[in-house]
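Peer 1: Grabbed the feature section from TrEMBL, which reads as follows:
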REGION    1-32  region 'Disordered'
COMPBIAS  9-21  compositional bias 'Low complexity'
TRANSMEM  75-98  transmembrane segment
TRANSMEM  110-129  transmembrane segment
TRANSMEM  141-161  transmembrane segment
TRANSMEM  231-254  transmembrane segment
TRANSMEM  295-317  transmembrane segment
TRANSMEM  329-348  transmembrane segment
TRANSMEM  360-380  transmembrane segment
TRANSMEM  392-416  transmembrane segment
TRANSMEM  428-452  transmembrane segment
TRANSMEM  464-485  transmembrane segment
Amino acid sequence: MEISGPIPRSGSSLRLSSDDSNPFLGSSISAGKDDALTTDTDLEASSSTKVAPRKHKYRMSSIKLFGVDLSPDNVAVAMVYFVQGVLGLARLAVNFYLKDDLHLDPAEAAVIAGFSALPWLVKPLYGFISDSVPLFGYRRRSYLVLSGLFGALSWSLMATFVDNKYSAAFCILLGSLSVAFSDVVVDSMVVERARGESQSTSGSLQSLCWGSSAFGGIVSSYFSGSLLDTYGVRFVFGVTSLLPLITSIVAVLVEEQPMLSAARGTNLLLSGTEFLENSKQGIIQLWGSVRQRSIFLPTLFIFLWQATPQSDSAMFYFTTNSLGFTPEFLGRVKLVTSIASLLGVGLYNGFLKNVPLRKIFLATTLLGSALGMTQVFLVTGLNRKFGISDEWFAIGDSLILTVLSQASFMPVLVLAARLCPEGMEATLFATLMSVSNGGSVVGGLLGAGLTQLFGITKDRFDNLAPLIILCNLSSLFPLPLLGLLPGDNPDVNPEDDSAIGMKCH
């Protein structure tokens, strides 16, 4: 998954559009779906809330997908992930709306994109809330319904009343919150179902999640550009507003027992007290883990590696305003990059998962920085001197850099998973990925500042080439800190890395 910490990065800052940096829009490559492993694993045992005894986990089903029975529960999980992927339908529409309707400069658009990522920085908090404060007797169903309604509201407002950058930023933030919260809730369901199961079953569950999200992303990429070209941004926003309602509808399929009547009779104050107590204990445990040198130093590297500046927003304005790339063409590019992300996962699982982390980070960062410089060809028109059109050069460049970007981000997930001590797996993993997301936000904001400093506007790109060069060179800055990472490749079952890869998007 969306939009996307939210942004897997190679050394390159290339994105033809800035969609991938926006978790509100499906985040797609958004630190993977694994960044949403929630606190449910860690808090369920300590929660004093009583629930009715659970029935059997799965109902018998004769239909299987990815080796998983399509029970009502699993259908609900798959559909929520599909929605997260298909919400990318409005990615291009948002970019063009900010550029053409609100007439924002690249720096302003980049700031709004960074602002929309804020809900993804506190994902462990959503786990604490859903575990400790049930709504209407449910810890999962109610929050899925609420998330879907908030998402539908945000897109409906975008389709009707939003007419300035402040209201747009608010709606984007609301939509981002709805996706992030539903992501946490549904991943907690996956954690519950994978607990105590075999590696094969766990991998199948993750494959179901990944496949559903990837399918949604490919579908949305295929239609996003043509719908925008034909009907305009407001129509696309209106269609998108219907998609989060799928999350609300499938919530009824979740096999969750309601709270016992005695527990339902307790007031909200009791739930609030329990939430505060669980949060306090969780924070204490979390701080005790993070302060350990073996965890803190690699986490610092992940943050710095993600926090280098990006030129995504400026590049989107250049390709549309200067080169004249149409929404339909950019939709095709998004389709290519969606498929390329699958190839990146395959590249890692097939050839890189047993390579020491330091070597992977070093090689992919150097290669990504070098290949990212090829954008200068597009900006200066040098590609045309070699007989390569702007369109074909853009597609090829995006394909190669997306594969590399996805392959280079996989070790972040693997490293985060390996750093988590027993008993704190879910909470610490979500926290580490929030740190990674935070680095991506910082990188986006630094890019916005440099875009403003270099005097790049919606119709002035004289200094775009130097900005691209600076952003790509800056990706090399964290390399001297590679010593913060574990020096060898821990003895981990290769299937574990594959399972992580299958869920990353």
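Every residue gets a Cβ built from N, Cα and C, even glycine.
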Peer 1: If I count Cβ-Cβ pairs under 8 A between the transmembrane segment (329-348) and each of 75-98, 141-161, 360-380, 392-416, which range comes out on top?
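Peer 2: The stretch I would name here is 392-416.
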Peer 1: Going along the chain, which residues at least six beyond the ends of the transmembrane segment (360-380) come within the CB cut-off of under 8 Å?
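Peer 2: Result: 9-14, 305, 311, 315, 318-319, 323, 352, 390, 393-394, 397, 400-401, 404-405, 407-408, 411, 461, 464-465, 468-469, 471-473, 475-476, 478-479, 482, 485.
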Peer 1: Counting only CB pairs under 8 A, let me know which of 75-98, 231-254, 428-452 has the most with the transmembrane segment (392-416).
Peer 2: 428-452
